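Colleague: The signal peptide feature in Swiss-Prot is assigned to 1-33; the stated evidence is sequence analysis. Residues annotated as domain 'MRH 1' in Swiss-Prot, with sequence analysis given as evidence: 111-246. Annotation source Swiss-Prot lists disulfide bond at 113-126, 199-232, 215-244, 344-357, 421-455, 436-467, citing sequence analysis. Taken from Swiss-Prot, the feature N-linked glycosylation site covers 195. What Swiss-Prot records for 342-469 is domain 'MRH 2'.
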């Protein structure tokens with residue numbers, strides 16, 4: 001909600017300003033009720049004065065669709081409300097065309113597949129058939145090795161049953177499920193797939209997925225995202241133009257809906273209390289000036305908690321990736337704490353998160369309000385084991401500069417002796433790859449995990465902080481404080 005003439009603003013649609021108005025005003029108007037407000041529909045209150053004409057384009061308005069609002073100071077306002085949903089409801093009511101399953105039928109009959117290529121995994125969605133996650137390893141003179149998981153399958157009889165069941169459900173119910181896509185609640189058509197590759201973390205129960213088809217007029221059935229919402233249960237979002245002819249699945253922008261409140265005779269342009277509130281906000285906007293002593297960072301400054309977020313739509317992230325912002329300690333102090341293992345990096349989105357403490361351990365964990373924290377030890381540090389590993393593997397990789405000099409591009413460390421794996425009956429192990437990350441934020445850290453073989457992991461850690469210590473790596477890739 002925001003005010004139309006540049007006054008009070010709020011980032012939450014339908015939030016503080018309307019709440020303030022509800023607290024200041026009471027409604028009357030011969031049986032009219034306050035509108036049903038939703039955070040999905042943004043509103044903006046305008047105070048246009050007495051000389052005013054309603055907009056003739058965009059959102060519809062009617063002169064008789066208003067509420068008389070009275071403040072605690074007996075100020076009265078006539079607030080004209082937008083007809084937010086009337087046009088859409090009429091279109092949906094008149095629709096007699098194919099149901100969403102029938103609209104998607106050509107996609108299922110074509111035996112077409114969509115792909116999403118990421119840094120390690122490739123995702124294959126063969127519509128109405130299966131979802132596959134795979135990685136190909138090709139070695140010189142040898143055949144291609146494929147590491148794959150099926151995230152869901154759909155047999156022909158299941159497809160027929162699904163078609164009949166969902167068609168009946170659509171006739172009975174008008175509720176369309178929605179998903180938050182880039183901040184907008186977007187309707188989707190779900191297709192369930194089960195019978196995937198057995199999941200060792202769930203007593204070998206099969207993996208399963210929900211494919212969410214959403215309308216996008218200019219798309220070509222692309223895979224927008226793949227997410228593991230719980231252990232071995234996935235959500236796959238597909239963009240398709242086929243649903244766009246159905247009014248309930250149409251892509252709609254969320255314009256700001258204006259509410260126009262005009263003062264009635266004897267009342268001021270705006271409510272007194274609202275004007276006082278605006279004046280208070282203006283005072284708070286005056287920059288707070290600190291003296292020089294306060295500008296200095298405190299030695300006891302607490303670290304900020306980790307903030308995990310998904311990669312923006314349109315990028316090519318790995319399956320599990322997170323970005324965290326670390327504290328504003330000086331770089332030297334931060335490097336010391338990182339190398340001592342007392343400062344740990346955290347990352348990951350979705351069900352599992354990851355903790356990496358240099359020279360100590362790599363943990364995979366999930367926190368739940370009801371069941372507490374579930375943690376899996378992926379690997380623990382043993383310098384002797386790492387040195388033996390480094391004799392057979394590349395622990396220090398170089399980058400050749402334009403002037404012919406070499407700089408360390410990445411170091412790899414081996415962490416073994418993790419928890420026993422149900423599939424292999426061997427301890428889990430992980431190779432940690434530390435890379436320099438160029439970023440505008442000097443304290444940004446990206447952490448991601450791959451599983452190229454069962455219970456054998458790769459943990460990628462990228463940060464500008466690592467840039468400053470890579471060149472200290474010895475022949476075994478071990479790091480130290482820079483001079």
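Keep in mind that glycine also has a Cβ here, set from the backbone N, Cα and C atoms.
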Colleague: So what's the mean pLDDT when you look at the domain 'MRH 1' (111-246)?
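Modeller: Within the domain 'MRH 1' (111-246), the model's average pLDDT equals 81.
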Colleague: Which Cβ among the disulfide-bonded residues (436, 467) has the fewest C-beta neighbours inside 10 Å?
Modeller: 467
Colleague: In sequence order, what residues of the same chain, 6+ apart, have a Cβ less than 8 Å from the Cβ of residue 199 (disulfide bond)?
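Modeller: When sequence neighbours closer than 6 are ignored, residue 199 (disulfide bond) has 205, 206, 207, 231, 232 within Cβ distance under 8 Å.
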Colleague: Which residue among the disulfide-bonded residues 126, 215 has the fewest other Cβ atoms within 10 Å of its Cβ, if you could check?
Modeller: 126
Colleague: If you count the other Cβ atoms within 10 Å of each Cβ, which of the disulfide-bonded residues 344, 421, 455 comes out on top?
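Modeller: Result of the Cβ crowding comparison: 455.
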Colleague: With helix taken as DSSP H, G or I, strand as E or B and everything else coil, how many residues of the domain 'MRH 2' (342-469) land in each class?
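Modeller: In the domain 'MRH 2' (342-469), the DSSP-based counts are 14 helix, 70 strand, 44 coil.
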Colleague: Given the disulfide-bonded residues 113, 244, 467, state which is nearest to the residue listed as 'N-linked glycosylation site' when distance is taken between Cα atoms.
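Modeller: Nearest by Cα distance to the residue listed as 'N-linked glycosylation site': 113.
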Colleague: Cβ atoms within 10 Å, counted per site: which of 113, 244 has the most, among these disulfide-bonded residues?
Modeller: 244
Colleague: Quick one: Cα separation, residue 126 (disulfide bond) versus residue 467 (disulfide bond), in Å?
Modeller: 42
Colleague: Within its own chain, what residues at least 6 apart in sequence put their Cβ under 8 Å from the Cβ of residue 357 (disulfide bond), listed in sequence order?
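Modeller: Once residues fewer than 6 apart are set aside, residue 357 (disulfide bond) is near 341, 342, 344.
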Colleague: Please classify the secondary structure at residue 199 (disulfide bond) using three-state DSSP.
Modeller: strand
Colleague: Report the nearest neighbour of residue 455 (disulfide bond) in space among the disulfide-bonded residues 113, 436, 467, comparing Cα positions.
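Modeller: Nearest listed residue in space: 436.
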